[in-house]
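To start, the structure under review is shown below, and the notes come after it.
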Amino acid sequence: MPVVLLQFWRFVAPGLYGHEKKFAIPFVVLSSLFFAGGCLFAHYLLFPIAWRFLGGFSNEYLTFMPSLQPTFSLYVRLVLACGVVFQLPTVVFFLARIGVVTARFMVRNTKYAILIIFILAAVLTPTGDPATLTLMAAPMVLLYGLSIGIAWVVAPRRNKDDL
């Protein structure tokens, strides 16, 4: 993802004005950092726990014999899913900056957001155990909270006359 963003930036940057570049640079930097953070989270925390859970089904009648292709597919899906999910603050930064989303709206709809987060986490996790589901959903809820703070900070301020 960061390579794609870099190539996109190299294509778009020559056509932007200075004030537009000032708006785009934090977006690109935040996006890269959050994507890398999501990938690291999946690599160091989520995948090992999911792997231990899947390996825990072994007993005297059943032997855990992973093969390379499905294991790699699971790993890549988890890493990419976490990388994309960790883009939430970046997307909210952009939407709040242009006035589409406000912190007030996000706070009012927190209960729906948490429900959607847990549904999304259930879809994205490969195993059915509550530990992996919670491990996937917890950072998403924290990122939602961070996104509320970002929306509050970067939202365009309105005058009382505009309301």
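Note: Cβ is positioned from N, Cα and C throughout, glycine not excepted.
What TrEMBL says about this one:
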type: TRANSMEM; residues: 27-54; note: transmembrane segment
type: TRANSMEM; residues: 74-100; note: transmembrane segment
type: TRANSMEM; residues: 112-128; note: transmembrane segment
type: TRANSMEM; residues: 134-155; note: transmembrane segment
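Of the candidate ranges 27-54, 74-100, 112-128, 74-100 contributes the most Cβ pairs within a distance under 8 Å of the transmembrane segment (134-155). Sequence-remote contacts of a segment are chain residues at least 6 beyond its ends whose Cβ falls under 8 Å from one of its Cβ atoms, and for the transmembrane segment (74-100) they are 1, 23, 26-27, 30-31, 34-39, 41-43, 46-47, 50, 106, 120, 124, 126, 136, 139-140, 143-144, 146-148, 150-151, 154-156. Panel annotation: around the transmembrane segment (27-54), residues 1-2, 5-6, 9, 64, 66, 74-75, 78-90, 93-94, 125-127, 129, 131-132, 135-136, 139 of the same chain, lying at least six beyond its termini, place a Cβ under 8 Å from a Cβ of the stretch.
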